[in-house]
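*Asks:* Pasting a structure here, questions to come.
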Amino acid sequence: MHFHERFDVIVVGGGHAGTEAALAAARMGSKTLLLTHNLDTLGQMSCNPAIGGIGKGHLVKEIDALGGAMAIATDYAGIQFRTLNSSKGPAVRATRAQADRALYRQKIQNILQNQPNLRIFQQAVDDLVVENDRVVGVITQMGLAFEAPAVVLTAGTFLSGKIHIGLENYSGGRAGDPPSIALAHRLRELPIRVGRLKTGTPPRIDANTIDFTQMTEQKGDTPLPVMSFMGDVSHHPKQISCWITHTNEKTHDIIRGGLDRSPMYSGVIEGIGPRYCPSIEDKIHRFSDKSSHQIFIEPEGLNTNEIYPNGISTSLPFDVQLNLVRSIQGMENAEIVRPGYAIEYDYFDPRDLKNSLETKTINGLFFAGQINGTTGYEEAGAQGLLAGMNAALQVQGKEAWCPRRDEAYIGVLVDDLSTLGTKEPYRMFTSRAEYRLLLREDNADLRLTAKGRELGLVDDARWASFSEKLESIELELQRLRSQWIHPNSPLVPVLNPHLNTPISREASFEELLRRPEMDYSKLMQIEGFGPGLADPLAAEQVQIQVKYSGYIQRQQEEINKAVRNENTGLPLNLDYKEVPGLSNEVIAKLNSHKPETIGQASRISGITPAAISILLVHLKKRGLLRKSA
């Protein structure tokens with residue numbers, strides 16, 4: 001049975017990747033269908049109730065700069081906002097928000113329901129329709145066929161998902177949801193490498209059974225940050241505190257005593273878990289010298305008693321979970337309302353993807369999110385937006401686009417995945433980016449919004465707001481550069497008390513701001529120098545561009561050198577055995593990875609600069625030198 005309408009893009013899955021993919025394709029004018037097994041769980045925060053953090057917040061800002069929904073939903077759902085690394089340089093500062101699960105889900109669903117060109121339909125997908133190595137549609141569990149020349153798969157942890165609690169296990173996509181078994185079997189028939197990964201979640205605790213007086217209160221920041229460039233503090237709901245407590249030796253003894261019934265340590269779980277978000281049993285095993293581990297007690301919302309104890313993800317048996325929870329200070333009488341569990345699921349080797357996130361073997365089929373081996377809402381959302389956008393571009397007969405590593409953390413994420421692959425759930429950190437001084441949270445819109453507008457991702461309201469901000473920054477920078485103060489100026493006696501060394505020669509306002517003891521708001525408050533910019537985000541941008549101009553210029557010069565060969569394309573059908581001078585190891589790795597560009601090839605482990613030089617000479621001789629899109 002065929003559905004009565006044909007679509008341009010079909011998105012399978014309604015999590016963070018799927019929602020951003022569907023919204024992106026629809027914003028670009030493509031007739032888009034979002035299929036999900038349950039409309040009520042669209043935008044569900046399946047694990048921790050938080051958005052952002054180190055590296056992750058940078059991705060959220062980039063999604064937002066390209067017109068995505070994640071940051072906007074966070075501003076409407078965030079019940080505590082903090083700027084992490086606030087005392088450090090701007091490159092590593094990151095916004096993190098504790099979110100009300102229900103409010104976040106409601107806002108995402110509201111955005112989806114009001115997006116033109118987007119249809120939503122409740123059905124799980126069991127099969128792909130592939131003809132001559134091109135996807136042409138999908139078939140749902142009730143046999144209903146939907147047709148489209150582009151399909152984006154965002155299946156999360158649902159592909160052959162298996163939930164583990166102690167030595168008991170059962171099939172599931174997440175707690176309370178069925179897995180995607182038929183679709184997983186269908187995907188395993190495709191010529192794409194497949195593996196198993198695992199992730200986990202902690203038990204949820206009844207807040208009424210916690211003694212918060214025995215814990216350390218953690219309040220949000222004042223003034224309140226916002227997540228979206230279109231956001232406003234007035235969008236935030238009521239703000240509340242989180243709390244901090246710790247495990248202890250008794251906790252660790254309880255965990256050690258239960259390891260014989262742990263699915264991880266008894267060989268039941270085969271999948272590899274996230275290195276940077278380990279289970280509590282993994283922490284006790286790997287860091288046996290530590291006598292305690294920090295636990296963040298995080299509310300799941302304003303109208304629920306459920307608490308998320310961040311730091312004790314576990315798949316131990318329920319009786320062990322209860323005992324370990326009750327061994328922690330402040331939780332001696334705690335009651336568990338949902339047990340913690342681990343989930344194992346299929347993922348597909350992202351080296352089998354182009355940097356557009358289209359599979360190399362099936363035209364029109366795109367993967368995004370945990371199916372590519374990543375972990376985290378933010379990583380999923382970023383991939384979803386990129387995959388949905390490129391699916392729409394393909395249908396419209398346009399070239400695919402992916403930002404370079406020096407342009408966005410999204411570019412770092414996709415390049416790492418498609419070039420290096422991953423054997424464990426991949427999460428983003430600022431340390432993964434070579435050019436992080438240029439890839440800051442604060443300038444994500446300056447880096448990406450103009451490109452988003454060109455691609456059709458950015459609407460008129462966002463574009464008007466961005467253009468106004470950009471103009472105000474440029475005018476203020478011009479003012480600071482063009483206005484000067486002389487040693488005999490009447491402003492000097494007013495200014496000197498604020499300086500470490502008095503004015504002895506003429507200086508521009510820009511030079512004054514560059515002094516380490518001066519900041520923009522302080523300078524603008526001095527008579528004769530203001531009033532300056534009222535928009536705090538624009539003012540911050542002016543300060544950073546002035547203070548870090550030398551460092552930024554040097555990093556830009558490094559980028560210009562690196563980019564020369566970065567986008568030199570490599571034919572996907574190139575047999576590296578035919579390239580004289582390459583070692584057998586290099587040939588094997590290049591034939592296995594099939595990099596799309598010289599830049600990707602250079603980042604494969606074991607590919608030497610000499611091998612890259614040989615490749616460039618070969619391409620030039622054969623007339624194959626070309627720039628990738």
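Cβ coordinates are placed from backbone N, Cα and C, and glycine is handled just like the others.
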*Asks:* Besides Gly13, Gly14, Gly15, His16, Ala17, Gly18, Val125, Ser180, which of Gln294, Gln321, Gln329, Gln370 does Swiss-Prot list for that FAD site?
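*Replies:* Candidate in the recorded FAD site: Gln370.
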*Asks:* Of the residues named as FAD binders, Gly13, Gly14, Gly15, His16, Ala17, Gly18, Val125, Ser180, Gln370, how far apart in Å are the Cα atoms of the most distant pair?
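*Replies:* Maximum Cα-Cα distance: 18 Å.
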*Asks:* Looking at Cβ-Cβ distances, which residues of the chain lie under 8 angstroms from Ala17 (FAD binding site) while being 6 or more apart from it?
*Replies:* Thr154, Gly156, Ala368, Gly369, Gln370, Ala380, Gly381, Gln383, Gly384, Ala387
*Asks:* Where does Val125 (FAD binding site) sit by DSSP, helix, strand or coil?
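*Replies:* It is in a strand.
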*Asks:* What are the non-local neighbours of Lys283 (NAD(+) binding site), defined as same-chain residues 6+ apart in sequence with CB under 8 A from its CB?
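*Replies:* Once residues fewer than 6 apart are set aside, Lys283 (NAD(+) binding site) is near Lys290, His293.
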*Asks:* Taking DSSP three-state, what's Arg275 (NAD(+) binding site) in: helix, strand or coil?
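*Replies:* In the DSSP reduction, Arg275 (NAD(+) binding site) maps to coil.
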*Asks:* Out of Gly13, Gly15, Val125, the binding-site residues in the record, which is closest to Arg275 (NAD(+) binding site) when you go by Cα distance?
*Replies:* Gly15
*Asks:* Counting across all protein chains present, how many other Cβ atoms fall within 10 Å of the Cβ of Gln370 (FAD binding site)?
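*Replies:* Taking all protein chains shown, Gln370 (FAD binding site) has 30 Cβ neighbours within 10 Å.
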